[in-house]
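First up is the structure itself, then whatever we jot down about it.
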Amino acid sequence: MGKSSKDKRDAYYRLAKEQGWRARSAFKLLQLDEEFDLFKDVTRVVDLCAAPGSWSQVLSRVLIKGEKFGRRAWEDENAKSWQLLRGVFGTGVKQGDIQERELEAEQKLEPRKDVKIVAIDLQPMSPLAGIITLKADITHPATVPLLLRALDPTYDPSSKSQHASHPVDLVLSDGAPDVTGLHDLDIYVQSQLLFAALNLTLCVLRPGGKFVAKIFRGRNVDLLYSQLSIFFEQVMVAKPRSSRASSVEAFIVCLNFQPPEGFKASLEEPMGIGNRLEKMVAAKAERHPIVAPITLQAAANGTWSAAPAKPLVKGNDGVVELSLPEEESDAWKSGRWIAPFMACGDLSGFDADASYHLPKDRITLDPVQPPTAPPYKRALEMRKAAGGAYGKTSLA
Ligand code: SAM
């Protein structure tokens, strides 16, 4: 698919270029924030798997510059930047217009004090003002001291401490492996990235803090929800409008970090390996026995009463009965849990799965930040050296 047809088929792709975002993912974070107020009381953030950096751009613009986006800016009549999220898609906007609009948006800004943002990715990332960027693998134990050092320059790696002395308020992880198309394998690799993100989070998050991570909703995702609910008071799954409905992608939003009493994160015994988590889920179920699902009965007079769970039966004598299907009660018994699902983002906004007509005079904009070291770079160089796609030298 060429750049031009992608413009038509993906409104957020075009909108991102119009508004100066490095990737369309920026809209996902903005829509998640609109729903969950993620940036409230937040000054210290870790952005995992951050390249090319559109989430870090959002953090920089909201926290460092104090810009407002979406509904929040709409409610604040002094802020002009609301249009940056709603966009002017399809009006033939040029790069220069974007800068003008950015300048306009820079009125009445309320930057936060002492903001610290650390971004990590396997890939190199072009610098962003005010953001510390690290090129590292989040699944590697050596990344923990690197991160602790970035968060606190006085951190002494020889102390072997795995905990931040000044913990952070929010950890984000938009990590995704190179998708193979083998569904189960992709979901497995994605879950390993998520566990790596969780392990880092447990080392650096302050009690009460928030954790947001990309997930692929696979067969065993309910197990993951129950495991996360050991550490967080609220665990929800969210699907921003800018994330294609056709994709299994969603975001797990975990609020109010409350590590169990006596819990110490340790990379010698990381979560997701062995059965430490399973044991913790079982221990939690023992402390707070999981209530067996109940059947609700609505009598003809409009009153409701609870009855023990039983397979779904049809109501009779004016009594309507609702009960959880058997598989669901099995799921409860095995320590699984179904997290609330929330769709977020303005419903009148663009549909990520739709194609849009564009005016004839519109132009195709270049990406805001072309990849610094794309995996296909060497292949392109070799093709060029060979005199084009049909040159004499083969790529082998
Ligand atoms: N949030 C980013 C943004 O807004 O620009 C987009 C992130 S992109 C969807 C996924 C990123 O995960 C890629 O840049 C990839 O390099 C990174 N990634 C995958 N595995 C990783 C790992 N083990 N450690 C660090 N980064 C990783």
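Cβ from N, Cα, C; glycine included.
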- [ ] Among D41, D121, D152, D186, find me the residue TrEMBL lists at the same S-adenosyl-L-methionine site as G53, W55, D137, D174.
- [x] D121
TODO: Report, as a single number, how many Cβ atoms besides its own are within 10 Å of the Cβ of D121 (S-adenosyl-L-methionine binding site).
DONE: 22
- [ ] Find, for the listed binding-site residues D137, D174, the residue with the lowest Cβ contact count at a 10 Å cut-off, counting only other Cβ atoms.
- [x] D137
- [ ] From the recorded positions listed here (W55, D174, K214), select those whose CB sits under 6 A from an atom of ligand 1.
- [x] W55, D174
- [ ] Sequence order is fine: just name those binding-site residues in G53, W55, D121, D137, D174 with a Cα within 10 angstroms of K214 (active site, proton acceptor).
- [x] D174
TODO: Please list residues from the chain of W55 (S-adenosyl-L-methionine binding site) whose Cβ is under 8 angstroms from its Cβ, counting only those at least six apart in sequence.
DONE: S25, A26, L29, D47, L172, D174
Task: Among G53, K214 [recorded positions], residue with fewest other Cβ within 10 Å - done: K214
